[in-house]
Each structure stands twice: as structure tokens, then as C-alpha cells.
Amino acid sequence: MKAQFFLPLPLALLPLVGSVPAPRASNPPLRGSEALVGYSPTEKIAPGPKPDIKCSLLPAQTADPQLGEYLDLEKVENPQPIRGNTGGDDPGPRNYYYDKINSDKLAPPRNRQWFHDQCSMADGLGIDSAGWARQENIDVMPAATEMAGVDMRLEPHGYRELHWHVAAEWSLVLNGSCRIQAVNENGQTFVDDVTAGDLWFFPPGVPHSIQALEAGVEFLLVFDDGAFSEDNTFLASEVFLHTPKSVLAQDLGVDVSAFKNLPDDELYIFGGTPAPKDIEKQNVTTPAGVIPRTQSYSYHLSEQPAHEVAGGSVKIADPATFPIASNFSAAIVTVHPGGMREIHWHPTSDEWTFFIQGQGRATLFSAPQSANTFDYRAGDVAYFPKSNSHYIQNTGDEDLVFVEVLQADLFTDIALGQWLASTPGRSYRTP
Ligand SMILES: *[C@@H]1O[C@H](CO)[C@@H](O)[C@H](O)[C@H]1NC(C)=O
Ligand SMILES: *[C@@H]1O[C@H](CO)[C@@H](O)[C@H](O)[C@H]1NC(C)=O
Ligand SMILES: *[C@@H]1O[C@H](CO)[C@@H](O)[C@H](O)[C@H]1NC(C)=O
């Protein structure tokens with residue numbers, strides 16, 4: 001069944017309250033057009049201004065990170081994932097309450113450590129010289145077996161090192177913009193600029209790199225494996241470190257002296273010089289050509305108008321419009337204050353959800369008799385197993401925005417209200 005959101009239903013079933021905008025004369029469809037796939041010469045990516053983040057750092061945060069001083073962030077306004085000259089600011093979705101009471105997770109004393117506990121939030125944060133990353137996987141949410149996520153920040157001009165991995169990577173840009181680049185198994189090349197609200201996808205094994213443009217970038221990565229870990233990516237620096245230099249020289253056809261200044265550790269996230277403004281300067285083409293636009297690794301979802309519904313709006317991006325991401329289906333859902341994403345379930349996939357803005361409440365019902373209600377804030381992750389029913393209410397006074405990600409070739413759900421309203425009435429004999 002095609003995805004249905006916030007259907008007009010008998011009010012007894014679905015009390016939708018809150019500010020309901022007047023529908024536009026022509027309501028955009030749930031899905032966008034294939035014109036949004038890939039690079040277009042007319043596309044204009046505005047990197048946006050560098051975020052002007054008002055924050056204060058504790059003296060211990062500017063001290064040598066090796067001292068590992070405890071950070072008491074309880075009274076610090078807008079605490080940041082910064083230690084000495086590592087880490088970077090955090091412009092994007094985040095749970096301040098959680099960050100304040102878990103200072104050692106927000107700004108760990110040594111580079112890149114993942115912290116694990118039983119919390120349902122994206123947790124475990126590693127800081128590096130030009131940014132940071134936090135990840136959620138089965139170590140912290142054992143129920144989340146099919147998907148894992150990473151929230152990553154690259155400071156202006158910062159790089160995520162050239163790398164590849166065994167899992168497929170789907171991404172939503174959360175803030176700022178970046179240049180992404182990849183080469184596929186046919187030797188075809190790809191380069192594009194993406195901005196907040198856009199998507200990218202890299203198939204398993206396809207090597208790629210990411211560089212922040214002048215405002216920096218924060219993005220969400222979702223992997224098709226709950227056991228994924230950022231520690232298990234194949235980094236260009238590590239291929240070099242773990243291959244004899246004589247073999248590298250033979251393989252790349254250069255003298256062995258070319259490798260005398262190899263970094264002695266991974267680079268992972270590191271600073272860079274500004275990317276050329278003209279993307280064509282980085283358009284490396286070989287006789288194999290560029291990746292055909294229909295198979296392109298980017299989708300400019302930011303340019304897709306949202307479909308408006310009674311309690312909010314929704315944008316769907318699935319393989320119907322973004323074919324290369326063949327098993328990733330997603331909906332970006334906005335719920336106005338007082339509204340809710342109706343009671344529903346996904347018949348074909350588990351759901352991995354990341355809260356981008358606001359706060360919400362969900363009850364997950366698992367047959368036969370267990371149910372749990374959870375409160376979420378921006379930066380948190382929720383996981384709803386296949387066919388387990390759930391809803392998400394906006395419990396705040398601003399719009400609630402979240403992204404639902406499925407492992408499916410089409411975004412589908414079944415709504416309780418729609419099912420009941422479409423089922424013949426019965427009467428029951430009382431005993
Ligand atoms: C990025 O975050 C900053 C700081 O929160 C905000 O001012 C800016 O509007 C955001 N940019 C985008 C493109 O979302
Ligand atoms: C790169 O060059 C190819 C042709 O060689 C062209 O089709 C493509 O639009 C160019 N730009 C990008 C960013 O791919
Ligand atoms: C899509 O993902 C689901 C869940 O991980 C998996 O069972 C299915 O085989 C995948 N389909 C394809 C075509 O990869």
C-alpha cells in the first residue's frame with residue numbers, strides 16, 4: 001500500500017489538534033521528481049554562513065586533552081564537544097540534557113573513543129582534529145539489528161578521509177554543505193555538492209570522500225547493518241600503513257621514497273584547504289566517464305516541496321525516485337505542536353528514526369502484551385521493529401521533525417485508523 005499519513009479519519013480514532021495550516025492550492029506529491037537525482041549544472045549550493053554558535057568552554061576544555069580533567073557541564077550554556085585543539089562545535093540536532101550529564105561522552109579526554117551504555121540515544125562520541133562523530137549501533141541498542149547510525153560534524157574545509165566499508169551508507173545532510181566524491185566498480189566517477197536536507201548513498205565497497213564547504217557540515221549516516229561501527233571502515237591511510245612500501249611502490253608505479261612521509265596513524269577526520277568553488281576543477285573523468293545520472297549517488301531532497309497533511313508535512317525519498325539506494329526508503333516528517341504521526345506499523349521493514357528537531361513521545365506495542373512509552377528529543381534515535389505498532393506525538397511547542405528510515409525498496413506503512421475505517425462493521429451478541 002502507498003504510504004498514507006495523517007488520514008482524515010473519524011475524530012474519535014485520531015484526535016489531531018494543533019495549528020493546521022491551510023492546504024496549498026496544489027499540494028506537492030509525497031515523492032519528488034527524478035530531476036533531483038545527481039549533479040545538475042544549474043544547481044546552486046549555498047554553503048550558508050558559518051554557524052555563529054554562542055557557547056562557553058570550561059578551562060578544562062581548553063587544557064591539554066591528555067590531562068583528562070573532569071568536565072562539569074551542568075551549568076555550562078550550550079556545551080560543546082571540544083577538548084584542547086580537538087573536536088569542533090555542534091550546530092545540529094542534540095539532546096542538551098543528556099550532553100550535560102554525560103560530559104565524558106560529549107567531550108572525551110582522548111581522541112576517538114566510543115562509549116557504550118544502555119541508553120536509546122545516539123551515543124558514544126569520538127572527537128578528532130577537525131570534527132567529531134557519535135554513533136548508535138547494536139552495542140548500545142541491541143534491538144536495532146538491521147540499521148546503525150552515525151552523526152558526524154566536519155569543521156569548515158574538514159575532510160572525512162577517503163574510505164569504504166562493507167555496509168551500504170545512506171546519508172541526510174543536517175547542517176551546512178559538503179562536496180562528496182566516489183568511484184564505482186566500472187571506474188566511473190562522481191562528484192557533487194550537497195546541502196542541508198539533501199541525501200547521498202554509497203553502495204557497499206564503493207570508495208568515497210567528503211569535504212566540508214566553508215560553513216562546515218553535519219550529516220547523519222545510516223548503515224544497513226546494526227553491527228556497523230565507524231572503527232571498521234577501510235581508510236586510505238590504513239591501507240598504506242598495512243601494505244609493504246615496496247608493494248605500494250610496485251602497485252602505484254612510483255619510487256618507494258614516495259612513501260617516506262606516510263602518516264603513522266589513521267587520518268579519519270582532518271583539516272583541509274578550501275575546495276575549489278568551481279566543482280568542475282574536481283571533476284576527474286577517465287575513459288569510463290561519469291556515473292550516469294540515474295545511478296547517481298546524490299538526491300537533492302532539500303529542493304523537494306513537502307506534501308502537506310492535517311498535522312504537519314512529509315517528504316518521501318525511496319528507490320522510486322533515488323534508485324541507487326535500492327533498499328533505503330525514508331520519510332522526513334514534520335509534526336506541528338499538538339499533532340501526531342498516527343498509529344501505524346511498517347509491514348516490510350524495521351524502522352530506524354532520528355529526531356532532528358523538537359521533542360516527541362512514542363509508544364511501541366509488541367504483541368502480545370508488551371508496550372513501552374519513550375520520550376525523545378532532537379539528537380535521539382528510536383527503533384521500531386517490523387510490524388510493531390507505534391505513533392509519535394509532538395510534546396513540545398515547536399515543530400517536531402524526524403526522519404524514518406526503512407530497509408525496503410518502497411516506503412510503506414499501514415495505519416490503524418485507515419485499516420479500521422476500511423473494515424466492514426460487525427455487531428456482537430452479548431452473552
Ligand atoms: C546550521 O546551524 C546553525 C547553528 O545552529 C544555524 O544557525 C544554521 O541556520 C544551520 N544551517 C542550516 C543550513 O541548517
Ligand atoms: C563532469 O564532466 C562530465 C563530462 O565529462 C559532465 O557530464 C558532468 O556534468 C561534469 N560535472 C560533474 C560535476 O559531474
Ligand atoms: C533489504 O533489507 C532487508 C532487511 O535488512 C533484507 O532482509 C533484504 O534482503 C534487503 N533487500 C535487498 C534487495 O537487499
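Placement of Cβ uses the backbone N, Cα and C atoms for every residue, glycine included.
Per TrEMBL, active site, proton donor is recorded for E404. Proximity of E404 (active site, proton donor) to non-local residues of its own chain (separation of 6 or more, Cβ distance below 8 Å) is seen for A330, A331, V333, E351, W352, T353, given in sequence order.
The feature Mn(2+) 1 binding site is assigned by TrEMBL to H163, H165, E169, H208. Cβ neighbour count for H163 (Mn(2+) 1 binding site) (all protein chains, 10 Å cutoff from its Cβ): 21.
Counting only same-chain residues at least 6 apart in sequence, those with a Cβ under 8 Å from the Cβ of H344 (Mn(2+) 2 binding site) are S389, H390, Y391, D413, I414, A415, L416. The Mn(2+) 2 binding site feature in TrEMBL is assigned to H344, H346, E351, H390.
What TrEMBL records for 125-260 (among others) is domain 'Cupin type-1'.
Mean pLDDT, taken over the domain 'Cupin type-1' (299-418), works out to 97 on the 0 to 100 scale. What TrEMBL lists as domain 'Cupin type-1' is 299-418 (among others).
Long-range Cβ contacts of the region 'Disordered' (75-94) within its own chain (Cβ-Cβ under 8 Å, at least 6 residues beyond either end) map to 51, 53-58, 61-65, 100, 103, 106-109, 111, 125, 127-132, 151, 153-155, 158, 174-176, 216, 218, 354-357, 378-379. Residues annotated as region 'Disordered' in TrEMBL: 75-94.
Residues annotated as signal peptide in TrEMBL: 1-19.
Note: E169 (Mn(2+) 1 binding site) has non-local neighbours W200, F201, F202, H208, L221, V222, F223, i.e. same-chain residues 6+ apart with C-beta under 8 A of its own C-beta.
DSSP classifies H344 (Mn(2+) 2 binding site) as strand under the three-state reduction. Under the three-state DSSP scheme, H390 (Mn(2+) 2 binding site) falls in the strand class. One way to see the shell of the Mn(2+) 2 site is to take the Cβ centroid of H344, H346, E351, H390; the remaining same-chain residues with a Cβ within 8 Å of it are W345, F384, N388, S389, E404, D413. Under DSSP, E169 (Mn(2+) 1 binding site) is assigned to a strand (E or B) in the three-state scheme. In the three-state DSSP classification, H208 (Mn(2+) 1 binding site) falls within a strand.
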